[in-house]
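Peer 1: Before anything else, here's the structure in question.
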Amino acid sequence: MVAMKYVIAMIRPERLDAVKRELQKIEVSRLTVSSVSGYGAQKGYMEIYRAMEYDANLLEKIKIEIAVNDEFLEPTIEAIKTGAKGSDGYVGSGKIFVLPLENVIRIRTNETGPEAI
């Protein structure tokens, strides 16, 4: 059986279109996109509401989830890095997580494994 990976990327919201364009170039077209909040090196920021300061330490991010066969793993990672970084990259440009994927099942056809991706 061909090995599969589950790629999770956290990126800046304004870089989503660029990441999608890069993924389309390598024919990766099936992905899940979610709006999430979090913080890392950016640490968030202070907000003032009704004369009170609040630590708004959660920043808006985009979470992209993609299941790929091993042959698509490195091109997928490079596409995400290229799109998310832009021309020079910033603190908070994102992170990519790669996890082993044991199985995939397409509910409609009952296909499993790499064919279901």
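For all residues, glycine too, the Cβ spot is worked out from N, Cα and C.
Note that the structure is a prediction, hence the values are computed from the model and not measured.
What Swiss-Prot records for this protein is below:
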BINDING   Thr32, Gly40, Ala41, Gln42, Gly92, Ser93, Gly94, Lys95  ATP binding site
BINDING   Thr32, Gly40, Ala41, Gln42, Gly92, Ser93, Gly94, Lys95  ADP binding site
Peer 1: Out of Gly40, Gly92, Gly94, which has the highest number of nearby Cβ atoms, where nearby means within 10 Å of its Cβ, if these are the binding-site residues?
Peer 2: Gly94
Peer 1: Which ones in the same chain are close to Ser93 (ATP binding site), with CB under 8 Å and 6+ residues apart in sequence?
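Peer 2: Listed in sequence order: Ile11, Arg12, Arg15, Ala84, Lys85, Gly86.
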Peer 1: Applying a 10 Å Cβ distance cut-off over all chains shown, what neighbour count does Thr32 (ATP binding site) have?
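Peer 2: Neighbour count, Cβ to Cβ under the 10 Å cut-off: 10.
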Peer 1: Would you mind listing, in sequence order, the residues at least six apart from Lys95 (ATP binding site) in the same chain with a Cβ closer than 8 Å to its Cβ?
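Peer 2: In sequence order, Ala9, Met10, Gly40 meet the Cβ cut-off.
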